[in-house]
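What follows is a single structure, written as structure tokens, with notes after it.
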Amino acid sequence: MQTRVSSPFISRALSSSSNLNELRRIHALVISLGLDSSDFFSGKLIDKYSHFREPASSLSVFRRVSPAKNVYLWNSIIRAFSKNGLFPEALEFYGKLRESKVSPDKYTFPSVIKACAGLFDAEMGDLVYEQILDMGFESDLFVGNALVDMYSRMGLLTRARQVFDEMPVRDLVSWNSLISGYSSHGYYEEALEIYHELKNSWIVPDSFTVSSVLPAFGNLLVVKQGQGLHGFALKSGVNSVVVVNNGLVAMYLKFRRPTDARRVFDEMDVRDSVSYNTMICGYLKLEMVEESVRMFLENLDQFKPDLLTVSSVLRACGHLRDLSLAKYIYNYMLKAGFVLESTVRNILIDVYAKCGDMITARDVFNSMECKDTVSWNSIISGYIQSGDLMEAMKLFKMMMIMEEQADHITYLMLISVSTRLADLKFGKGLHSNGIKSGICIDLSVSNALIDMYAKCGEVGDSLKIFSSMGTGDTVTWNTVISACVRFGDFATGLQVTTQMRKSEVVPDMATFLVTLPMCASLAAKRLGKEIHCCLLRFGYESELQIGNALIEMYSKCGCLENSSRVFERMSRRDVVTWTGMIYAYGMYGEGEKALETFADMEKSGIVPDSVVFIAIIYACSHSGLVDEGLACFEKMKTHYKIDPMIEHYACVVDLLSRSQKISKAEEFIQAMPIKPDASIWASVLRACRTSGDMETAERVSRRIIELNPDDPGYSILASNAYAALRKWDKVSLIRKSLKDKHITKNPGYSWIEVGKNVHVFSSGDDSAPQSEAIYKSLEILYSLMAKEGYIPDPREVSQNLEEEEEKRRLICGHSERLAIAFGLLNTEPGTPLQVMKNLRVCGDCHEVTKLISKIVGREILVRDANRFHLFKDGTCSCKDRW
């Protein structure tokens, strides 16, 4: 009778027990009353001991009633183990349950499934799921929730979604488990999709829902939706939960809205370490280094930072170049008891290096018993930053001797060293090691090698690497095209550009900034226009650098109007923009427009630099505006206080020389405060040849050879002057000197774009397409020109030939004439022609082209090394000032 009376009291006492000692006293009472064999009280004791983290006591209770014939007891002990993280034991007792004569019920499986999830044992989880299906418990809400949670935790989201979809009834736990699974495994779009489905149901999200879905909003950068979720959190009151506020802070930092993140942080009633860590690390990711460090230092008494936060702040000291602060953080870590693993020491090396203390950085490195790849990379990077490239190379060699594992970062750093030092031997050694270790498979390493070989003058090796690669990425193509442009191999550069356009690689702004100058150099107008259309499609036209490149491209492709149109449409202009437009007008002999543009530039508030004055004096020179050009030179010195460089003096000499003021040019040279170089005298020499002042030409030629005997361009210019004077001994001496020094002159060639093809011609070329027809066409033109009084100028023949016919043959075979004849043969009558030449047009070709334009009734635009010439009706736009 006493037992029956005492049972309800003991049951209530067990349920309300608040600590372990109280529970033990009640347990003793249960034993004294003989109730310890009761399944009911044993089950409650097992549950209560597990609640107080005493699974051993739970097991002891279970053993007193073994063999258990009631599933309630089995469920209690399995739940006790699972609840306390003893997942193997939980599954062990589930196995024993299966071996007994007792059948599991629907309450058994949530704890068993939790154990499978805790062990990440998908195979066991699938087996349990099959048993659930066999027993018909799959429709139970709690079993379904446990299965969704298990598969979600394991990242088996397809299975989780399948279980979720098949559940006849779902509660908030079901939705939360699935949302959390998708979000925690980076499937943010799916997480948002499930969240929106939840909002459309009758179930109201809670704090767990919000905290689970916040990372999805942040990572997908859906700002408006994220702000809407913040509003829901405020309205529903879940923002009072610290984990929700932490998620909101993280979300706004992902949105790059640190002000909003800080507002949420400041309004939090309760903050934990995660709150501070999130804010500090978020500032660092946004490169708000000072704010991050300030928050860390000001709140050290409010929270305990984790290792990630302290390490991040320590790294920030390197960015701030604050060595004393770094030492303070380091001492804090020691006092706080942080274990200084290699990661922290690697950061220390990096910080000391950035602060310029390589001695301490090396001491930290040398003191490390276990150095990993990051350690080596950190110290090597430090020496590279400090400019001690040789020590960086020594460390790499030491690394190889010690058989330490180098990674792609190591190779990228050392390849940059070999590039900076132009050390091809070391670079080839890196390449060889990279092939052996398999590092060269890394795309960034291959790109760096392409760049290294190109900058060391081995473009062929760059192209070999490129051809052995797969598709590569945008950087790959940009690097190869840039290499071709740098070394003047425009034909290959064009081929690579065409290949890139046919590939699936998406160009970036750097692509356009390297291909547009190439089109400008080649005067590849059609390709330039296609690239312009392409950059419009990708939205780059409004970029300032792109606008500047387009102005240059169109101006050098013979499309001055297009250059002007691009210039007018630009919403922003810098000094480069104005310089490009002024130079463009100069190339076409539009000196007045160049001066107007210069005046507009001054009115706009842009202060001209030294390069602008080179462009404006150049424009005046090619337009015969001597007084205006001299005025600009004086303005540069007196008004803008720019000290003239040799280039400015060369422009003024050219200005005077082109206007046949040769004596004034020489006077100007004599008055120069700096010693004139060959470029100064070259302008005078060209003017002498044009005017026929061969006495001055001979004197100037001697000066040029004395000043720069190794430059093929200046040497050939002097040689041609001596040839015009018929001083063949001087010509022979110059050519022998160049030959002995293995110096070769740039061969002259011209090209013309007809249809979609570019046709290139060299002087005397008889292997070109339609060669026979070209020469026949020229013969007809020469006979017509003779009637106009044309006589070939023998001064343009630089070889010692006695036969006049031989001289005539050489002159008549100049490359620009072949290109013009080809254009006449392959275009409709009256169609304007555009021919490009890599060298300066000779006087005889200039005269011939004027006559051809008159005879055939066509405009012929020729770009040579100096400027554009528009030939029309027997005249040239340069007015014979070229």
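Residue numbering: from 1, along the chain as shown.
Note that Cβ sites are derived from N, Cα and C of the backbone, with glycine treated the same way.
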The residue range that Swiss-Prot labels region 'Type E(+) motif', out of 198-228, 353-383, 570-600, 756-786, is 756-786
With a Cβ cut-off under 8 Å, give me the same-chain residues at least six positions beyond the ends of the repeat 'PPR 4' (105-139) that come close to it.
71, 74-75, 78-79, 81-83, 85, 87-88, 90-91, 94, 97, 145-147, 149-151, 153-154, 156, 163, 166-169
Can you name the far-off residues of the same chain, 6+ from the ends of the repeat 'PPR 5' (140-170), with a Cβ under 8 Å from a Cβ of it?
106-107, 109-110, 113-114, 116-117, 120, 122, 125, 129, 132, 177-178, 180-182, 184-185, 187, 190, 203
Who are the chain neighbours of the repeat 'PPR 15' (473-507) in space, where the CB to CB distance is under 8 Å and they lie at least 6 residues beyond its ends?
443-444, 446-447, 450-451, 453-455, 457, 459, 462-463, 466, 514-515, 517-518, 521-522, 524, 527, 530, 534-535, 538
Using a Cβ-Cβ cut-off of under 8 Å, list the residues of the same chain that are 6+ residues beyond the ends of the repeat 'PPR 18' (574-608) and lie near it.
544, 547-548, 551-552, 554-556, 560, 563-564, 567, 615-616, 618-625, 628, 632, 636, 640, 863, 867-868, 870, 877-879, 881
As a test of reading the model: what is the averaged pLDDT for the repeat 'PPR 6' (171-205)?
95
State the non-local partners of the repeat 'PPR 3' (70-104) in its own chain: residues 6+ outside its ends, Cβ under 8 Å from one of its Cβ atoms.
39-40, 42-43, 46-47, 49-51, 53, 55, 58-59, 62, 111-112, 114-116, 118-119, 121, 124, 131, 135
